[in-house]
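Feature list (source: TrEMBL):
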BINDING   64-68, 129-135, Asp158, Ala260, Gly323, His384, Asp451  (6S)-NADPHX binding site
BINDING   Asn65, Asp125, Ser161  K(+) binding site
BINDING   Lys421, Gly422, Arg423, Asp424, Thr425, Gly450  AMP binding site
DOMAIN    17-215  domain 'YjeF N-terminal'
DOMAIN    225-505  domain 'YjeF C-terminal'
Amino acid sequence: MAQNQAMDAALLTLAEMGEADRLTIAAGTPGIVLMERAAEAIAETVLARYPGAERVACLAGPGNNGGDAYAAAAILLRAGREVRLFHLVPPEKLQGDAANAAAAYDGPAEPLAAFDAQSFDLVIDGLFGAGLARPLEGEVAELVERLNAAATPVVAIDLPSGISGASGAVLGTAVEAEATVTFFRRKPGHLLEPGRSHCGAVAVSDIGVLSTALETIAPKCFENRPALWRHRLAVPSDAGHKYDRGHAVVFSGPASRTGAARLAATAALRAGAGLVTMFSPAGAVLVNAAHLTAVMLKRCEDTDELASHLGDTRLNAFVLGPGFGAGETARAYAEAVLAAGGRLVLDADGISSFKDDPEALFAAARAASEARGDSEPALVLTPHSGEFKRLFPDIASAEGLSKLDQARLAAERACAVVVLKGRDTVIAAPDGRAAINATGTPWLATAGSGDVLSGIVAAQLAQGTPSFEAAAAAVWMHGKAAEAFGAGLIAEDLPGMLPKVFAGLEATGP
Ligand SMILES: NC(=O)C1=CN([C@@H]2O[C@H](COP(=O)(O)OP(=O)(O)OC[C@H]3O[C@@H](n4cnc5c(N)ncnc54)[C@H](O)[C@@H]3O)[C@@H](O)[C@H]2O)[C@H](O)CC1
Ligand SMILES: [K+]
């Protein structure tokens with residue numbers, strides 16, 4: 001059950017989508033039938049979203065995306081719309097299903113050069129989809145730029161032309177659509193920026209591609225939805241005790257910089273850790289004491305004191321970084337926590353502390369994972385792109401890597417779950433599993449929001465949720481908390497929205 005629901009959230013590579021098509025066609029559904037259904041889905045979206053759109057332009061490219069455009073044009077013509085089709089290549093040059101779809105269309109068709117967006121109420125973009133192989137240039141690039149400058153709404157077939165389905169990158173230039181209709185499952189480019197913004201509202205149409213094909217294909221990338229992790233999530237039970245829900249620790253920075261750690265600690269408590277203790281340098285104990293209530297406080301002045309605290313093996317999840325200050329102390333503490341068998345969320349200054357010797361961190365993480373015996377990553381890294389660059393400069397600067405590729409390579413190298421933050425946060429595990437997040441609002445880009453996230457991750461780790469699921473759940477909840485609050489959000493507001501998020505999670509399915 002959980003497995004099937006997760007498969008609904010799969011994000012497919014070009015090869016995986018091609019394989020799903022191949023298996024479906026081999027099982028008896030001809031390609032032209034899939035194209036016909038794709039066209040019906042596009043026409044349905046157009047008629048439902050734009051009931052008043054009379055003058056419709058269909059732009060058809062040289063491949064099957066163009067074939068979909070011909071087939072959709074035919075349906076809209078039958079529905080009484082005033083349709084004109086504009087083609088990049090003459091219809092007689094099309095092949096396979098696209099050629100058949102073009103032959104079945106008997107409405108007006110003209111070369112692309114005759115297209116003027118201003119003369120239409122709606123444009124259907126069937127120039128390029130999954131087969132986009134290189135940047136748009138020349139006549140097509142100019143046309144796309146004129147189209148974007150016009151006020152006419154665009155519905156994209158499969159992907160806005162110019163957007164890479166694999167990476168969400170703009171190749172050359174790309175159509176800015178109001179809506180996108182894709183088929184069977186989304187692709188990473190629908191969720192990764194800037195692709196996501198170019199897609200507008202995405203509708204996924206089940207065109208009869210066999211979902212059982214996914215069992216054979218075994219995709220490893222998913223949209224971050226509860227189906228991915230809800231079955232692994234620890235939920236406080238009636239018979240439970242606070243000690244069953246783990247004991248999280250947050251390291252505080254010096255006296256003038258304690259707020260970030262308190263945000264993380266409050267979030268950890270709200271997100272379900274049974275107990276949360278702040279480890280504070282001596283000089284910050286009074287400041288922290290003045291602010292903390294349910295969060296406990298312990299002095300932790302140096303590595304000796306830390307070693308003595310770590311003797312208590314009930315302390316099982318740690319947050320190090322928010323407001324902590326970068327340097328030798330952070331490095332020593334992180335290594336000590338991992339060596340003691342703790343699970344560690346390393347954020348902010350904690351990450352930057354290893355910029356001169358990332359391998360020391362990766363070796364500590366590898367040793368910690370191996371020592372656990374279940375190969376579960378003990379380390380969760382939560383960098384934004386600037387921090388990511390400090391730990392993984394070569395991956396960050398390599399040409400042609402998507403954010404998804406970057407997070408996966410980093411996770412494998414660091415033997416850690418990597419949460420590469422942003423509007424399109426990617427969560428990746430060393431074994432290649434990855435999730436792309438879609439919850440949240442622009443208001444999350446606010447001071448302290450990352451500190452809250454690290455606390456939510458730690459709460460899940462403390463309760464025994466596996467690291468990948470813990471991180472993915474936390475990112476989703478963090479976004480949902482922001483959505484629930486709405487405009488005017490500051491980081492302090494996020495923990496207080498978590499009860500609503502949990503209630504929603506209980507009330508709804510995946
Ligand atoms: N199950 C499904 O998902 C179905 C999808 N359908 C649609 O088919 C397209 C993919 O079709 P394909 O022919 O493989 O690729 P495209 O139409 O996207 O384009 C390939 C075509 O374009 C040329 N090309 C690539 N990049 C450029 C460029 N920058 N400039 C100029 N020309 C370029 C390339 O050489 C090829 O000739 C998918 O998106 C769906 O819309 C089917 O309808 C069936 C079901
Ligand atoms: K398209």
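Quick reminder: no glycine exception, Cβ is built from N, Cα and C everywhere.
Source: prediction; values computed, not measured.
Annotated features taken from TrEMBL, shown on the structure.
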residue	record	contacts (Cβ under 8 Å, 6+ apart)
Asn64	(6S)-NADPHX binding site	Met35, Gly96, Asp97, Ala98, Gly129, Gly131
Gly67	(6S)-NADPHX binding site	Met35, Ala60, Leu94, Gly96, Asp97, Ala98, Ala99, Asn100, Ala101, Ala102, Gly126
Asp125	K(+) binding site	Leu59, Ala69, Leu147, Val154, Val155, Ala156, Ile157, Pro160, Ser161, Val175, Ala177
Ala133	(6S)-NADPHX binding site	none
Asp158	(6S)-NADPHX binding site	Ala38, Asn65, Asp68, Gly129, Ala130, Gly165, Thr180, Val181, Thr182, Phe183
Gly422	AMP binding site	Glu193, His384, Ser385, Lys403
Asp424	AMP binding site	Gly168, Leu191, Leu192, Glu193, Arg196, Lys403, Ile436, Asn437, Ala438
Thr425	AMP binding site	Asn224, Val419, Ile436, Asn437, Gly440, Val475
Gly450	AMP binding site	Pro322, Asp347, Ala348, Thr382, His384, Lys421
Cβ-based isolation winner (fewest other Cβ atoms within 10 Å) among the binding-site residues Asn65, Ser161: Asn65
Set of same-chain residues at least 6 away whose C-beta sits under 8 angstroms from Arg423 (AMP binding site): Glu193, Arg196, Gly440, Pro442
Residues among the binding-site residues Gly67, Asp125, Lys421 that border ligand 2 - Cβ under 6 angstroms, in sequence order: Asp125
Cβ-based neighbourhood (8 Å from the centroid) of the K(+) site, residues Asn65, Asp125, Ser161 excluded: Leu59, Gly61, Gly66, Ala69, Gly126, Leu127, Phe128, Gly129, Ala156, Ile157, Asp158, Leu159, Pro160, Val175
Cβ neighbour count within 10 Å of Ala130 ((6S)-NADPHX binding site): 22
Cβ within 8 Å of the mean position of the Cβ atoms of Lys421, Gly422, Arg423, Asp424, Thr425, Gly450: remaining residues of the chain near AMP: His384, Leu420, Val426, Asn437, Gly440
Contacting binding-site residues for ligand 1, chosen from Asp125, Arg423, Asp424, Gly450 when the Cβ sits under 6 angstroms of any of its atoms: none
Residue with minimal Cβ packing [other Cβ atoms within 10 Å] among the binding-site residues His384, Lys421: His384
Per DSSP, three-state class assigned to Gly67 ((6S)-NADPHX binding site): helix
